Amino acid sequence: MKIKIPPPLQPGDLLCVIAPSGSLQPSEKFAAGLEVWRQRGYRLHLCDGYDAQWGYLAGSDDHRRQQLLSALTHLECKGILCARGGYGGTRLLENWVWPPLEDSLKWLIGFSDITSLLWSLSKQGVSGLHGPVLTTIADEPAWSIDRLFNWLEHHQIAPLRGQGWISDRRVTKASGILLPGNLCVATHLLGTADEPDLRGVILAFEDVGEAPYRLDRMLTQWRAMGKFAQIQGIALGRFSDAQPTKSGPTLSVAAVMRDRLSNLGIPIVSDLPFGHDGENAVLPVGLPVELDAEAGTLSWIP
């Protein structure tokens, strides 16, 4: 399926703000995130109940589904900004049917827990943007914010550079469709109706707060299900706050990644600048890319 890219944004456009996952606590970061978009000339519509709370969720599932639906069907809205991640996006997909999107393509922008919505949207043939949510965007360096707006306004995006893994047994370069996301969320989509077609894709993973043994368990699940046999390459971002929860012998995150991924025979580039707790370069979903382990680059194919 050829993926459709929403039209470029331009200052003056209206963007809808929703909270499809975790509840939004009073936060200066959220206000600062709104200001980033306003300073760029965008008008923002905060959907009704964006600040609702039901325990750790931003309202009931039906409430959050209605927020998403209202943003998708808003006639003037050109893009959807997610307030934060947390947890709850996958709950929305139960009994969810995407409305017709062809005549009103909108950008969906977020990362972390928003992975579930981005991947589900890609199955509808529409590209979203894996990138900062409103509670994190104000902490981004200038180059990262410029990168976001260069893509959204001009469909221009520069390569990212990381650390390529080289071995004699591996193909060092591959191209494929990019599927970026949070490793934990993506793992829990495996075997569900919202698992995308992984044949020929290049995966891009990041995560936060997952101890090495839990990362090991998730990657082992991908191996056991034969999913890594379908893909062309893996791009790795940041795996932050990954300290073990208990004292005792452990492995480093790097050791786990090498052990679980280095013998797959596909290009792998690590240490790319995306993820939590640091710079989070935007990654368009569903577009063709080239992963070059020798050069250590992830590049978009025009």
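Each residue, glycine too, has its Cβ placed from N, Cα and C.
Since this is a predicted model, take the numbers as computed values, not measurements.
Residues annotated as active site, nucleophile in TrEMBL: Ser112. Residues annotated as active site, charge relay system in TrEMBL: Glu206, His276. TrEMBL lists 17-131 with the feature domain 'LD-carboxypeptidase N-terminal'. What TrEMBL lists as domain 'LD-carboxypeptidase C-terminal' is 175-291.
In the predicted model, residues of the domain 'LD-carboxypeptidase C-terminal' (175-291) average a pLDDT of 96.
All protein chains included, His276 (active site, charge relay system) registers 19 other Cβ atoms within 10 Å of its own Cβ. Taking the C-alpha positions, the distance from His276 (active site, charge relay system) to Glu206 (active site, charge relay system) comes to 8 Å. Neighbour list (Glu206 (active site, charge relay system), Cβ cut-off 8 Å, at least 6 residues apart, same chain): Phe111, Pro180, Gly181, Asn182, Leu183, Leu236, Gly237, Arg238, Phe239, Phe274, Gly275, His276.
Its own atom aside, the Cβ of Ser112 (active site, nucleophile) has 28 Cβ atoms within 10 angstroms in the protein chains shown. In the three-state DSSP scheme, Ser112 (active site, nucleophile) is classed as helix.
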